[in-house]
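The domain 'Glycosyltransferase 2-like' annotation in TrEMBL covers 190-386. Under the heading transmembrane segment, TrEMBL lists 43-69, 368-388, 400-426, 481-501, 507-530.
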Amino acid sequence: MELGDSSVVIPDSFMNYRDDITMQMSMVFDQIRAPLIVPVLRLGVYICLVMSVMLFVERVYMGIVISLVKLFGRKPDKRFKYEPIKDDIELGNSVYPMVLVQIPMYNEREVYQLSIGAACGLSWPSDRIVIQVLDDSTDPTIKDLVEMECSRWASKGVNIKYEIRDNRNGYKAGALKEGMKKSYVKSCDYVAIFDADFQPEPDYLWRTVPYLLHNPKLALVQARWKFVNSDECLMTRMQEMSLDYHFTVEQEVGSSTYAFFGFNGTAGIWRISALNEAGGWKDRTTVEDMDLAVRASLKGWKFLYLGSLKVKNELPSTFKAYRYQQHRWSCGPANLFRKMAFEIMTNKNVTLWKKVHVIYSFFVVRKLVAHIVTFIFYCVILPATVLVPEVTVPKWGAVYIPSVITLLNAVGTPRSLHLMVFWILFENVMSLHRTKATFIGLLEGGRVNEWIVTEKLGDLKAKSASKAPKKIIRFRFGDRIHVLELGVGMYLFFVGCYDAFFGKNHYYLYLFAQSIAFFIAGFGQIGTIVPNS
């Protein structure tokens, strides 16, 4: 008897049973294929094509608007009055508005010195500015370090306040709300907000406050983010590509056409009277910044985006931190839309077109459709048509529209054009989490109010310059395994193999590449290389 004889290893009865099961499953599939699977899949294709067209039209529209803005030079100082604040010998420093600078933080060991130092370095009359550090840290060692840092700056004559509370109710929104209740805030006209990893340049206030001072209907001036660690790894480069489009196109278009866009939660300065009129900070969702922006807009306030003003900050360098961040950024807007859609539709303070822009363009297309169609269409429906050849996807929907959308997204980061294929695969992987988070927000699922602070690593450029050794963050094996990504990866790989042998559309070229991307993420082999901190 030969060693390789299968009858020794697998009994004939078991092999027959296996063949029977396979045959039965094939028969069941064939029986429900025509009456159930084909119609359902066709409906899915139709819905996804409609959503793709919606996203395509939105991207083309924004591309046209941003081109016209650049062509005709619609700079901020041409849309809003801007005059530098001039000294007055008689009035002295009272000619300058009183500015509050808020820095909310939570266990920010790596970055607290950077943010506090940058805020204290802002150029503004010392008696017309208050730095407010809102420390929600639960680590007593870190709290002591932050308090000592505040004391160090106070000893230099900086008007800095260290504020803590005995709970974390409302998370960031709760901390900001408590900070606004302090007695010394009543004398302030404007409030600038910087997250713990943001480092504004000294001239930040000189470039933003004059717009608020000379335009009484202007509520917010938002600066652009500048990523100090975009070259840290491939994952941070992918993030830069996505966020650059958001700032270069989405924010600019919203500012130029409707004077509305979503406040980014940091690197912006608010008129305090507008903030209060809108109802102040609310913690009903995890996007308290967007919530405030929408409410202020419905009161008739205008916003300005300054793309030329950049504030340094840090991108998540680990896949775990990035997933948590994207869950919050996807779940929050969907949940906010659920809670505010009716309020927006019935509002009488803004025009019909602005309502359409906020509901359709801002929420439905960008915050819902963009996530859902990316995953459902390109990672579920399109691969399924390989197994059910009776259902076809027109080439314009499968190739042309996504190609144009991808190219339009690339305008934000020209230096990364050569990484476009990697960006597509990475975005499709992340669309799994964004879609899941979107439905959690819409349905108010269990994780709807989950708030996990994004891990930060500090001044990466300084550490790189000092040639600090690289290290691989160690995780437990279970922390590295992501079942959802592995499941989708196996599905795409199976469909790719089927298409390679029996298909006609050559989708397997995409399916194999995308399955590999899901496997890499599923085994946690992404974003793990970071500087030694």
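Residue 1 is the first one shown; counting continues down the chain.
Placement of Cβ uses the backbone N, Cα and C atoms for every residue, glycine included.
In TrEMBL, annotation is done automatically, which means it is predicted and not curated.
Same-chain residues lying 6 or more positions outside the transmembrane segment (481-501) and placing a CB less than 8 Å from one of its CB atoms are 379, 383-384, 386-387, 429, 432-433, 436, 507-508, 511-512, 514-519, 521-524. Most Cβ pairs under 8 A with the transmembrane segment (400-426) among the ranges 43-69, 368-388, 507-530 are made by 43-69.
The domain 'Glycosyltransferase 2-like' (190-386) scores a mean pLDDT of 95 in the predicted structure.
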